[in-house]
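*Asks:* Annotation comment: TrEMBL describes 6-214 as domain 'Aspartate/glutamate/uridylate kinase'. According to TrEMBL, the feature ATP binding site maps to LYS10, LEU11, SER12, GLY13, GLY53, ARG57, THR160, TYR166, ASP169. What TrEMBL lists as UMP binding site is GLY52, ASP72, THR133, GLY134, ASN135, PRO136, PHE137, PHE138, THR139, THR140.
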Amino acid sequence: MPALQRILLKLSGEALMGDEAFGIHRGTIERIVAEVAEVSRLGVQVAIVIGGGNLFRGVAGGAVGMDRATADYMGMLATVMNALALGDALERGGTKARVMSAIAIDQVVEPYVRPKALQYLEEGKVVVFAAGTGNPFFTTDTAAALRGAEIGAEIVLKATKVDGVYTADPKKDPSATRYQRISFDEAMVRQLQVMDATAFALCRDQNLPVRVFSIFKPGALKRVVLGEDEGTLVHV
Ligand code: UDP
């Protein structure tokens, strides 16, 4: 019996690119999809917010000097492409999935409508939220906090390359240790980078815990939903 019933999984765009310089790596997206499908089969309702960094990187040079809001809209469109790829890979792997966009782009993907998203989740479909919050000057971490709060997710699961929050950068300092759990306040005092400040504040204010874990560690997502010690829990 999973410990969690409804989760909001935040995947950065970079999670999809494997060892490529940018773009989407087929094998990597399929591995992630397999992990998601497994927890969905356990009966966990899964919503995903996907980033766009992997695609945006390819155009970042050209975005230098651009109007910030315009560049951010480009970033949001990049998340739509990732969401389409993720939704497609889920469906191909036999998991029912729906993509919903925060920006109206109706010919391509249906708009985000909260009751509809809740209905899909209750039907056991994986819902992929595209286009972040739909507003420039925000990040997909903030979209994850926002959607997580809106759909009543029990937790935001932030997938990173590192398997949790460490006392120091484990790549630079081999003596660094992983926090099993830490409060929002302590993470702030210790200046630990969990999410950007807006996302962090929203989760803390809404009493929405965050678990930082590695999506690249096989079975880690499943262990998280079963309530096992995995990654770092950031709590109120
Ligand atoms: N973005 C935005 N508003 C949002 C979410 C994203 O303007 O609500 C833009 C922003 O430019 C951001 C880009 O989309 O840099 C891609 O999102 P993010 O950097 O969060 O993706 P990740 O780093 O997780 O791949």
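Cβ from N, Cα, C; glycine included.
Automatic prediction, not curation, is the source of TrEMBL annotations.
Where in this structure would I find these features, and how exposed are they?
*Replies:* A mean pLDDT of 96 is what the model gives for the domain 'Aspartate/glutamate/uridylate kinase' (6-214).
In this structure, LYS10 (ATP binding site) is part of a beta strand by DSSP.
Under the DSSP three-state reduction, ASN135 (UMP binding site) is assigned to coil, being neither helix nor strand. For ASN135 (UMP binding site), the count of additional Cβ atoms within 10 Å of its Cβ stands at 16 [all protein chains shown].
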*Asks:* Out of the binding-site residues I have (SER12, THR160, ASP169), which ones have their Cβ sitting under 6 Å from ligand 1?
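*Replies:* Cβ < 6 Å from ligand 1, in sequence order: SER12.
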*Asks:* Out of GLY52, GLY53, which has the highest number of nearby Cβ atoms, where nearby means within 10 Å of its Cβ, if these are the binding-site residues?
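*Replies:* Per the Cβ count, the most surrounded site is GLY52.
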*Asks:* What does the structure give for the C-alpha distance between LYS10 (ATP binding site) and THR133 (UMP binding site)? Integer Å is fine.
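*Replies:* Cα-Cα, rounded: 13 Å.
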*Asks:* Find the shortest Cα-Cα separation between ASN135 (UMP binding site) and the binding-site residues SER12, THR160, ASP169, and name the residue that gives it.
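*Replies:* When the Cα distances are compared, SER12 comes out closest.
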